[in-house]
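Beneath this line is the structure, given in structure tokens, with notes to follow.
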Amino acid sequence: MKIKTRFAPSPTGYLHVGGARTALYSWLFARHHGGEFVLRIEDTDLERSTPEAIEAIMDGMNWLNLEWDEGPYFQTKRFDRYNAVIDEMLEAGTAYKCYCSKERLEQLREEQMAKGEKPRYDGRCRHSYEHHADDEPCVVRFANPQDGSVIFDDQIRGPIEFSNQELDDLIIRRTDGSPTYNFCVVVDDWDMEITHVIRGEDHINNTPRQINILKALNAPVPMYAHVSMINGDDGKKLSKRHGAVSVMQYRDDGYLPEALLNYLVRLGWSSGDQEIFTREEMIKLFSLGAVSKSASAFNTDKLLWLNHHYINTLAPEYVATHLQWHIEQENIDTRNGPQLAELVKLLGERCKTLKEMAQSCRYFYEDFSEFDADAAKKHLRPVARQPLEVVRDKLSAITDWSAENVHHAIQATADELEVGMGKVGMPLRVAVTGAGQSPALDVTVHAIGKTRSIERINKALGFIAERESQQ
């Protein structure tokens, strides 16, 4: 049997992390078994579905590099197919027209609730032989079996059983002629030959209804696997108040797709004690049997740790391709300064996100107008004038500009003045970066460049001179 899975989001908003994890599990299962992965856009909610949401979903999938083999399919382009199947069901007697008014249905609901019963349609039109005009408004309902039960072997949770007496005669076509979500899903899974439906646990109650429709159509029934929800670290359902929940928001916040994928795959699935997984390892090791039945707690600190790991272990040239977007958001002109791959090497240890990296690298490319006030007050004092003058002259004398020779110049200055490295290094750091913190000083000065470093030292000396004149 050829394995075929699908990811079927509704385009009513962005791609959130719960949906992304479902997509990842479906994608991994298909890839593990050498099968196919289908992208389907379930846009039957015409009022809430938007082109912007569709674009956001596609952007999220592409950024995560979860490539699909078929699609994207759009349900709104398949209405003729759905309605043709409904018409066949009406002919076969597995569906029927319902003319009950909203008022009657509301009254029925109130009466059932008053008796402590579960609200459900009472089947009045199912057994009615009353004549109606062809143009009289009606819905079409599925004639759900009235006895027995539906049992399916959930690939994560084990056997689940529903009594047919608990299930309603589901509306499959509205009065305006449009098919409903639960019906469209069934026909799509049938037509697209989906073998495994991997989705959120909020769909468990839909499953027996969909299985009954498939059986009425003499269609094969796929295997089902329902993934538990993701909670915030406070145990409540993950929401905006827990921070970013949109996949692309994590991109905007400076996370690498590898970090988010690695984090999401472990959010409910495990393989021993292993924490770090390459994409290839995920594909090789993934199984639905190792997915937890329990809800998972989203831990941003863990994601941040993974992101820092990947910034420092992936090829700098690759990380730089993602950093470029953040550099552009900061409007930094990188033509006069180190290559971005070099910047990744310089700042990788200090920065946990690419956004942080982009926001802390401007001094490598552009001159600053002011020194950080606290750093200048502490380190650009009259006592720093001589160390800065000496180190400037030694840097000027370097003919082979390298980090190693920069280091020798700083060390030689400290030796000549018989002071500790900090007495030279800290004023120099503030002079060339404008702040009190940076990567190792030798590689920083080297990356900034000889001419620019000397110009900035002279600027710092001018700052010190002005400070002396005011005392």
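Easy rule for this one: first residue shown is 1, then count along the chain.
Note that Cβ sites are derived from N, Cα and C of the backbone, with glycine treated the same way.
Annotated features, as they stand in Swiss-Prot:
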BINDING   CYS98, CYS100, CYS125, HIS127  Zn(2+) binding site
BINDING   LYS240  ATP binding site
MOTIF     9-19  motif ''HIGH' region'
MOTIF     237-241  motif ''KMSKS' region'
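Across the motif ''HIGH' region' (9-19), DSSP classifies residues as 3 helix, 1 strand, 7 coil. Report note: the Zn(2+) site is defined by CYS98, CYS100, CYS125, HIS127, and the residues of the same chain whose CB lies within 8 Å of the CB centroid of those residues, excluding them, are TYR96, LYS97, TYR99, TYR121, GLY123, ARG124, ARG126, SER128, ARG141. In the three-state DSSP scheme, CYS100 (Zn(2+) binding site) falls into the coil class. For the recorded site, CYS125 (Zn(2+) binding site), the DSSP three-state label reads helix. Residue density at CYS98 (Zn(2+) binding site): 20 other Cβ atoms are found within 10 A of its Cβ, drawing on all protein chains shown. Taking the Cβ of CYS100 (Zn(2+) binding site) as reference, residues of its chain lying under 8 Å away and at least six apart in sequence are, in sequence order, TYR121, ARG124, CYS125.
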